[in-house]
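Before any comments, here is the structure.
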Amino acid sequence: MSKITSSTLRTFKQEGKKFTALTAYDASFASAFDSEGIDVLLVGDSMGMVLQGHSDTLPVTVDDIAYHTRCVRRGIEHSLLIADMPFMSYATPEQTMVNATTLMQAGASMVKVEGGHWLLESVAMLTERGIPVCAHLGLTPQSVHVFGGFKVQGRDADNAQRILDEAKALEAAGAQLLVVECIPASLAKAITQALTIPVIGIGAGKDTDGQILVMHDVLGISSGYIPRFSKNYLKQTGEIRAAVRAYIDEVAQGVFPGDEHTFN
């Protein structure tokens with residue numbers, strides 16, 4: 001199994017090969033996911049909810065992400081490792097550079113930021129200085145209070161066009177990957193077709209180049225609200241590694257996400 005890079009994912013896109021991503025926060029789970037063939041691992045600020053017990057992702061700090069990035073890095077050999085930049089850690093280009101450097105030194109191969117046009121300067125700056133960027137559009141959880149909750153984005157024509165325009169602009173600024181979350185499947189398809197960089201979906205239909213889920217949802221250990229776009233693979237397989245393989249297989253075959261996991 002060869003090491004996954006952003007170039008690998010571009011090749012997958014060109015060949016029409018679907019790829020998979022999961023969140024990970026420690027060496028043991030990361031090692032299991034890596035060895036079973038998960039292409040991308042994200043040290044997500046979702047840890048604020050699934051690990052720390054908060055109601056949203058806002059309390060997560062750069063130190064939190066850096067610590068868990070170091071843990072995950074020690075457990076993997078092949079997967080591309082992305083680290084989330086948490087709330088208010090990239091409000092200015094200067095702040096972005098300092099905090100992104102911290103996460104790269106902790107072992108990340110790429111950093112992820114949430115937002116559109118206001119991030120273009122920072123994305124270009126990071127890229128020019130050797131820090132790869134994954135952008136994130138649609139439902140951006142750090143903006144949950146602006147949205148008035150965890151709501152599907154891009155359902156009306158104006159917002160759909162805005163998200164598409166932002167996706168193109170972020171690619172032009174140098175973003176190497178894009179995550180789209182909780183947007184209509186038709187919009188996700190249009191974005192995927194419009195960009196040359198790989199697009200990873202979560203709650204965005206089956207036409208994106210890859211899929212990502214939170215590991216706690218895949219393993220059925222999330223408490224409280226269970227997102228519509230998630231699927232408990234452990235329930236159908238009974239074993240963690242088998243659950244991961246089932247997720248990989250269903251994405252590759254176009255079975256997941258199904259209509260029941262998709263927004264229109």
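FYI, residue positions are counted from 1 along the chain as it appears here.
Quick reminder: no glycine exception, Cβ is built from N, Cα and C everywhere.
As the structure is a computational prediction, the values presented were derived from the model and not from experiment.
According to Swiss-Prot, the protein carries these features:
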type	residues	note
ACT_SITE	Glu181	active site, proton acceptor
BINDING	Asp45, Ser46, Asp84, Lys112	3-methyl-2-oxobutanoate binding site
BINDING	Asp45, Asp84, Glu114	Mg(2+) binding site
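Annotated pair Asp45 (3-methyl-2-oxobutanoate binding site) and Glu114 (Mg(2+) binding site), C-alpha to C-alpha distance, rounded: 11 Å. Mapped onto three states, the DSSP output places Asp84 (3-methyl-2-oxobutanoate binding site) in strand. Mapped onto three states, the DSSP output places Asp45 (3-methyl-2-oxobutanoate binding site) in coil. Across the residues the record lists as binding 3-methyl-2-oxobutanoate (Asp45, Ser46, Asp84, Lys112), the two Cα atoms farthest apart are 13 Å from each other. The record gives Asp45, Ser46, Asp84, Lys112 for 3-methyl-2-oxobutanoate. Within 8 Å of the mean position of their Cβ atoms, the other Cβ atoms in that chain belong to Thr23, Leu42, Val43, Gly44, Met47, Thr57, Val60, Ile65, Ala83, Met85, Pro86, Pro141.
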